[in-house]
Amino acid sequence: MLKRLKGLLVLALGFTGLQVFGQQNPDIKIEKLKDNLYVYTTYNTFKGTKYAANAVYMVTDKGVVVIDSPWGEDKFKSFTDEIYKKHGKKVIMNIATHSHDDRAGGLEYFGKLGAKTYSTKMTDSILAKENKPRAKYTFDNNKSFKVGNTEFQVYYPGKGHTADNVVVWFPKDKVLVGGCIVKSGDSKDLGYIGEAYVNDWTQSIHNIQQKFPDVQYVVAGHDDWKDQTSIQHTLDLISDYQQKQKASN
């Protein structure tokens, strides 16, 4: 416990320089993580409880790349207006990390703005079955992108929170966008597991660790992304869930 607390203190000190922007919409918060990389957090209610959803956007010399989308269409315009106000650039690309509304919900909106929209073929198949708006462009599980002066990689680690969850890696900044396969350090459980593959989840997390051993920051999909124990905590939550399931059988 003491070791964990010391680690959290060091990490907290590392975040003291984060710049938080004041937004007109109280359900949107934007924080600068790296030179051109920003974490945006939006809030919505699920089964009567308010949750935070985290994702990132990258400002490039060509325009803004948005990973996932604000959680709730009532926040879409406020979000893109805020981006243009801060950076004087438009969103030119949007990538959904899986099919749920807090990730793929903005595909149609961003597409109408003229942005190129992307998802994996697996995510596209799920969205098609659910009669939901889909990305214009699809790719197999893994893909490297270069937008202007920025390179990043989409990686499929395996099943976990959903069958189609992917993560996004920004190598220059050593930032991993974990999406919902990575639980925040303050999560009490695995959250919504109605479409989860819990027995595959551990290996998928190990695949992430092996693929990206030099991560500096992990942005978890929900709640406190600044607690950088999220990867290990996710493994602990999976183990706890499996032990409880075994005990109940």
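Every residue, even glycine, has its Cβ placed from backbone N, Cα and C.
Annotated in Swiss-Prot:
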BINDING   His98, His100, His161  Zn(2+) 1 binding site
BINDING   Asp102, Cys180, His222  Zn(2+) 2 binding site
BINDING   Lys183  substrate binding site
SIGNAL    1-22  signal peptide
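His161 (Zn(2+) 1 binding site) sits 9 Å from the residue listed as 'substrate binding site', taking the C-alpha atoms as the reference points. Each residue contributes its Cα atom, and for Asp102 (Zn(2+) 2 binding site) and Lys183 (substrate binding site) those atoms are 15 Å apart. Same-chain residues at least 6 positions away in sequence with a Cβ under 8 Å from that of His100 (Zn(2+) 1 binding site) are, in sequence order, Thr162, Cys180. Each residue in Thr97, Ser99, Asp102, Arg103, Thr162, Asp164, Asn165, Gly179, Cys180, Ile181, Glu195, Gly221 lies on the same chain as His98, His100, His161 and has a C-beta within 8 Å of the C-beta centroid of that Zn(2+) 1 site, without being one of the site residues. Apart from the site residues Asp102, Cys180, His222, the chain places the Cβ of Tyr51, Ala53, Asn54, Trp71, His100, Arg103, His161, Gly179, Gly191, Gly221 no farther than 8 Å from the centroid of the site's Cβ atoms, the recorded Zn(2+) 2 location. Around His161 (Zn(2+) 1 binding site), taking its Cβ as the centre, 27 other Cβ atoms fall within 10 Å, counting all chains.
Calculated from their C-alpha atoms, the gap between His222 (Zn(2+) 2 binding site) and Lys183 (substrate binding site) amounts to 7 Å. Taking the binding-site residues His98, His222 in turn and counting surrounding C-beta atoms within 10 angstroms, the largest count is reached at His98. Put simply, the residue listed as 'substrate binding site' is 15 Å from His98 (Zn(2+) 1 binding site) when counted between their Cα atoms. Summary for the binding-site residues Asp102, Cys180, Lys183: the Cβ-based neighbour count within 10 Å is maximal at Lys183. DSSP classifies Asp102 (Zn(2+) 2 binding site) as helix under the three-state reduction.
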